[in-house]
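Working notes for the structure below.
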Amino acid sequence: MKNTKWLFFFLFLLVILPFKAYGAESDEYMILFRHHVDAGILKKYDIHAQKKYDTIPTVLAELDKSQVDKLRNEPEIAKVQANKTYKVQSQIETWGYKKIYEDSQYRSPFTGKGVKVAVIDTGIATNHPDLKVKGGTCVIRSDCGKGYNDDNGHGTHVAGIIGALDNGVGIVGVAPDADLYAVKAFDEFGEGSTSSITAGVDWAIQHHMDIINLSVTTVSDDPVLKSALDKAYNAGILITAAAGNDGDSVGSKNTILYPAKYSSVIAVGSVDSRLQRLPFSATGPELEIVAPGQYVFSTFPINLDTTDGKKDGYTALSGTSMATPFVTGVLAELKQQYKDKSAAEIRKILDQNAKDLGTAGKDSLYGYGLVQIKTFQPTLSSDMAVKAVKADNGLVEFQIDKPDSIQKVYVKRRGGMEGDITKQITGSIWDDYVPAGTYYYFFTLTDSQGREYQTQVKVTMSKPQIEDVSAYDWFSEKMLYLYHRSILKGDHSGQYLWPTKNISRGEAVALVGRALGLDGTKRNTAFKDVPKDYYASGYIQSALEQGIIKGYRNGTFHPTEPVTRAEMAVLISHAYRLTDNGTNHFQDVTTGMTGYKEINALADAGITSGYSNHTFAPYKPISRAEFSVFLAKAENPLFR
């Protein structure tokens, strides 16, 4: 093993020091050129480059003392330094995200959508249900067998604070729609180096990242890393880093660590739930902003989640390492909002929006203050109004008053399948269907001159308390619409709608019967396997009398058998008297097969478009959720 002077970068617990370093000399050196890598100099001293970087004039090489001394005398060499080794360590347990919102009445409509965030860390757990990793790389030289998957835990925790999905599961990140990229620069033991971190920054530059989250600190200057970070910042990338945990209770000394000390980096300190500086949070003139850093609950690799005994993929940790991703998340929202502004301009907005703490103005304890998400502010004129006039049993009804000059109205609800739900509204009344919860609706009204007027409405729905359907499910609006109209029913408690369960023939006819207002009184039927006491007997007999269903030739109906997609099409097409225009829309639907006309009639009516590969899967059993979507679209054209 080489004689190496170690530099530890800690991801801390309790008094958690983000990534702290311990250093020493090594046979491996980083050679930083002033302008570009000069192959002639390397050849002159018989130096073989172990690694080169595409955007940074630096190479990694093994050098003896003589080579080091000679290189340091070369005018084109800016710095020759030992390849420092970094080590990450563990942490601890949370309070919420409410502190970073300027006004609890409103929420920001921005979620970081389309913003690329590189988390240079131990990787990210790619199989975590609350995280979506867009891509990444592994830049450690020792072992990349698992790619950029997290085998330590720290990177996954950081990633969750930034962008855990708004999916009704676990937690929600500050910017849940941001594109997370895992740049694994630290191994399973939390060890990395100047070389690996620099490679991570280099990768971020090449792949046009918008933000770099770098939870590392060291007490000593690292010119090679500084050069890489400066290069990234000049390329328009925002960089956040932990200020460090070498502070004291008084905070009278300059204890800001590197790389947060560099001007290209946003130095982040930490506060507790009372917005008081944590005693260990570093202080000094370079401190730019503070964020929550005590007992922060976030995602963790499930296979490594042993700290709290739950093994559920979540745990609480503390430290400036945890504060830094809060700032990264806010920057992602700002980047989405101000797409055309430079990194420096967005950084200025971040600082201006901060909630001042401590001494008025920027100070060495809190910087500009607590990071804040500037919440939505209404801009409607006096002749415009949007209000929720009803919020009951799943239905939210909005009344929109507007002058004739308004040509378009859009509404966005936070949450939804992989992002926000956005719709264009026609008319003065608009309905939404959601389970119990609190929701934020953002309305944008556009006039004939292209001017936009905006407002936000907060709605709290007390019921229904549905356990197996959330507002984030792709089918929720349609199921809740049918539930509100008493077409769809669940168990006796009303808490379960069983969306994933295959629907039976009897259930399907009952739903259609309720939707059409057929007589559902239990009675004898024409089918020998549907007795009078069967709950759907009345609807089945009424549907038969209306010519909606036929049954089998042997006089049976098979009410408990699952419904296929083709049978669903036949039932709904006959119930709503739909006709096809002669066009076949699907590769797996052929002339002569049962349901051919009815399937295409649904497509012609805008009720279905099939799958992305132009198939319909006619023989596939259909779930209660899927059937509800088809029925709701047939019943209400606004859903099409």
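Numbering starts at 1 and runs along the chain as it is shown here.
Each residue, glycine too, has its Cβ placed from N, Cα and C.
All protein chains shown were included, and the count of other CB atoms within 10 Å of the CB of Asp121 (active site, charge relay system) stands at 33. DSSP classifies Asp121 (active site, charge relay system) as strand under the three-state reduction. Among the features that TrEMBL reports, active site, charge relay system is placed at Asp121 (among others).
The number of other CB atoms found within 10 A of the CB of His154 (active site, charge relay system), across every protein chain shown, is 29. According to TrEMBL, the active site, charge relay system annotation covers His154 (among others).
Classification of Ser321 (active site, charge relay system) by DSSP places it within a helix. Annotation source TrEMBL lists active site, charge relay system at Ser321 (among others).
Here TrEMBL flags 462-522 (among others) as domain 'SLH'.
In this model, the domain 'SLH' (523-586) carries an average pLDDT of 96. Sequence annotations record features per position, and here TrEMBL assigns domain 'SLH' to 523-586 (among others).
According to TrEMBL, the domain 'SLH' annotation covers 587-640 (among others).
The 10 Å shell around the Cβ of Ser321 (active site, charge relay system) contains 36 further Cβ atoms across the protein chains shown. On the backbone, the CA of His154 (active site, charge relay system) and the CA of Ser321 (active site, charge relay system) stand 9 Å apart. DSSP assigns His154 (active site, charge relay system) to a helix in the three-state reduction.
Taking DSSP states H, G and I as helix and E and B as strand, the domain 'SLH' (462-522) has 21 helix, 2 strand, 38 coil. The distance from the Cα of Ser321 (active site, charge relay system) to the Cα of Asp121 (active site, charge relay system) comes to 11 Å.
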